[in-house]
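Asker: First the structure, then my questions, so here it is.
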């Protein structure tokens with residue numbers, strides 16, 4: 001027996017794996033099969049490292065970190081990372097005994113970039129402890145891949161050979177097919193099974209993973225199931241009167257030349273005539289170039305190649321269709337943005353109205369980040385009477401906090417968000433919708449709430465689902481886009497970013513609203529902010545690149561621009577800025 005362990009040790013087989021085997025051994029025949037299993041495991045590791053070294057080698061010493069959006073950088077630097085994330089996804093599936101998702105996308109980034117993120121069993125972002133494992137695996141030397149794989153299995157009590165199933169999706173970038181193949185090769189190298197969905201939106205992949213892991217209780221894990229579920233609920237809520245009050249059922253949509261435009265074209269076949277969507281930037285141009293939700297939000301101007309008449313309701317998706325913002329021109333021709341804050345307040349107000357009318361006792365909460373406009377927070381507290389929670393930037397933080405409410409609404413200001421209903425809330429709403437002893441108006445409101453849950457993709461922020469949600473609320477209220485915007489007035493704001501040598505030099509606290517390092521930076525920011533009426537500013541490191549993001553708001557757009565610029569210059573000075581100093585926004 002000792003010689004057997006010695007042989008296995010030479011092949012790098014974890015002792016934990018052997019211990020697990022021998023705790024259940026009852027006969028010599030089983031021991032003989034264990035020897036074969038150990039040799040097979042060593043062979044799998046060796047072949048996996050060989051394929052990684054020969055076809056997907058790590059070619060540079062550049063360190064890459066799994067951040068809030070997974071790995072994201074230039075596409076040509078990612079082949080080895082994607083191969084290794086295929087391996088990791090299979091290991092995670094073995095550990096959780098569930099389907100894991102892998103999405104190849106760089107979201108709103110420029111077309112030459114790409115990235116990858118893993119989706120955990122309930123459609124949520126990858127567990128934080130596994131972000132560390134992902135970073136380690138992505139950065140080890142080629143010759144250390146085999147031993148690192150072995151350590152991951154041993155440290156996480158995973159037995160190689162356990163059934164593994166991974167769902168893979170990708171966006172429309174030219175680099176995505178090759179990188180998707182790298183993921184698939186990684187999964188198969190450790191005997192995992194793959195379902196390749198091809199080109200899908202990021203939220204669709206989250207949805208498919210959740211459906212499969214709930215044994216289809218949440219829905220069918222394919223595009224047909226996704227489109228059918230959302231469209232059926234949307235049409236039922238809309239009824240036969242497509243227009244209502246000031247609301248008109250026509251919409252202009254900027255597809256960012258990405259996957260959202262493709263899927264919206266397909267979706268229109270399910271929606272029929274109940275909403276008319278004119279799609280611009282539908283795939284003929286460059287992804288996210290002068291278009292898309294991030295372009296509209298940050299630059300606060302409409303996308304290119306899209307006419308915008310006064311009063312026309314318009315919206316933009318981002319490259320992988322998980323962000324949504326609305327906009328229009330007012331009667332003076334001014335561009336007006338309705339971002340994630342406006343969407344959150346609209347939705348929260350409608351849900352609270354339906355809950356009150358249904359008579360169901362539920363706690364509603366709205367989760368924001370430091371990027372939320374100060375006027376929105378005041379409106380939520382004072383007008384809506386909804387509890388507000390503030391968390392660090394990143395959907396995983398908002399989503400987890402939202403789960404603490406019966407009904408949790410969360411949207412980042414960039415337009416990424418959704419609504420989550422607890423199982424208890426879902427049951428209460430369902431019961432009220434079928435309780436004939438309740439007044440008719442209570443039953444009607446409960447039924448509307450129950451249908452609304454099927455319009456919402458609760459697994460993650462979904463721009464297409466959120467679009468239907470917004471259109472549902474506006475139709476119910478009978479509001480034009482201008483009437484929606486009139487609920488409260490945003491403080492003028494500006495976002496900037498400063499390139500630095502190392503983003504980790506910036507450390508923050510208080511949900512990223514205060515900077516702790518470099519030591520004197522927050523004092524300088526406070527001094528600058530004090531010069532501006534209604535001034536507020538904060539800085540935070542990017543989760544994906546070596547830049548520091550600056551946010552500022554003030555009583556006028558000119559002052560917001562000046563405040564952001566002065567803070568950006570201070571960041572450049574104290575946080576080792578690289579390249580040219582920041583310029584005053586135009």
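Placement of Cβ uses the backbone N, Cα and C atoms for every residue, glycine included.
What TrEMBL shows for this protein is this:
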ACT_SITE  107  active site, phosphoserine intermediate
BINDING   107, 318, 320, 322  Mg(2+) binding site
BINDING   412, 413, 414, 540, 541, 542, 543, 544, 549  substrate binding site
DOMAIN    94-129  domain 'Alpha-D-phosphohexomutase alpha/beta/alpha'
DOMAIN    156-210  domain 'Alpha-D-phosphohexomutase alpha/beta/alpha'
DOMAIN    339-479  domain 'Phosphoacetylglucosamine mutase AMG1'
DOMAIN    524-569  domain 'Alpha-D-phosphohexomutase C-terminal'
Asker: Find, for the listed binding-site residues 541, 543, the residue with the lowest Cβ contact count at a 10 Å cut-off, counting only other Cβ atoms.
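Answerer: Among the binding-site residues 541, 543, the lowest count of other Cβ atoms within 10 Å belongs to 543.
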Asker: Among 94-129, 156-210, 524-569, which stretch has the highest count of C-beta pairs below 8 Å with the domain 'Phosphoacetylglucosamine mutase AMG1' (339-479)?
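Answerer: Looking only at 94-129, 156-210, 524-569, the most contacts with the domain 'Phosphoacetylglucosamine mutase AMG1' (339-479) come from 156-210.
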Asker: Out of these binding-site residues, 318, 320, 322, 412, which one has the fewest other C-beta atoms within 10 Å of its own C-beta?
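Answerer: Checked 318, 320, 322, 412; of these binding-site residues, fewest Cβ neighbours within 10 Å: 412.
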Asker: Compare the Cα of residue 318 (Mg(2+) binding site) against each of the recorded positions 107, 414, 541, 549 and report the nearest.
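Answerer: For residue 318 (Mg(2+) binding site), the spatially nearest of the recorded positions is 107.
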Asker: Please tell me which one of the recorded positions listed here (107, 414, 541, 543) sits closest to residue 320 (Mg(2+) binding site), measuring Cα to Cα?
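Answerer: Closest candidate to residue 320 (Mg(2+) binding site), judged by Cα separation, is 107.
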Asker: Of the residues in the domain 'Phosphoacetylglucosamine mutase AMG1' (339-479), how many are helix, strand and coil by DSSP?
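Answerer: The counts are 81 helix, 19 strand, 41 coil.
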Asker: With Cβ-Cβ distances below 8 Å as the criterion, list the same-chain residues six or more beyond the ends of the domain 'Alpha-D-phosphohexomutase alpha/beta/alpha' (94-129) that contact it, or say none.
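Answerer: Residues 66, 69-75, 78, 81-82, 85-86, 88, 156-160, 162-171, 173-176, 179-180, 183, 187, 192, 202, 205-210, 212-213, 256, 286-289, 292-295, 318-320, 322-323, 395-396, 399, 459-460, 544 contact the domain 'Alpha-D-phosphohexomutase alpha/beta/alpha' (94-129) from elsewhere in the chain.
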Asker: Just to be sure I understand: of 322, 412, 414, 541, 543, 549, which binding-site residues have a C-alpha no more than 10 angstroms from the C-alpha of residue 107 (active site, phosphoserine intermediate)?
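Answerer: Those close enough are 322.
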Asker: Do you know offhand how many angstrom separate residue 549 (substrate binding site) and residue 322 (Mg(2+) binding site) by C-alpha?
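Answerer: Here the two Cα atoms lie 20 Å apart.
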Asker: Which of the listed recorded positions (107, 414) has the least company, meaning the fewest other Cβ atoms within 10 Å of its Cβ?
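Answerer: So among 107, 414, the recorded positions given, the one with the fewest Cβ atoms within 10 Å is 414.
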Asker: Beyond the listed site residues 107, 318, 320, 322, identify every same-chain residue whose Cβ lies within 8 Å of the center of their Cβ atoms for the Mg(2+) site.
Answerer: 105, 108, 171, 201, 202, 258, 260, 293, 317, 319, 321, 323, 416, 463
Asker: For the substrate binding residues given in the record (412, 413, 414, 540, 541, 542, 543, 544, 549), what is the largest pairwise C-alpha separation in angstrom?
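Answerer: So the maximum pairwise Cα distance among the substrate binders is 18 Å.
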Asker: Taking 10 A as the limit, how many CB atoms besides its own sit near the CB of residue 549 (substrate binding site)?
Answerer: 21
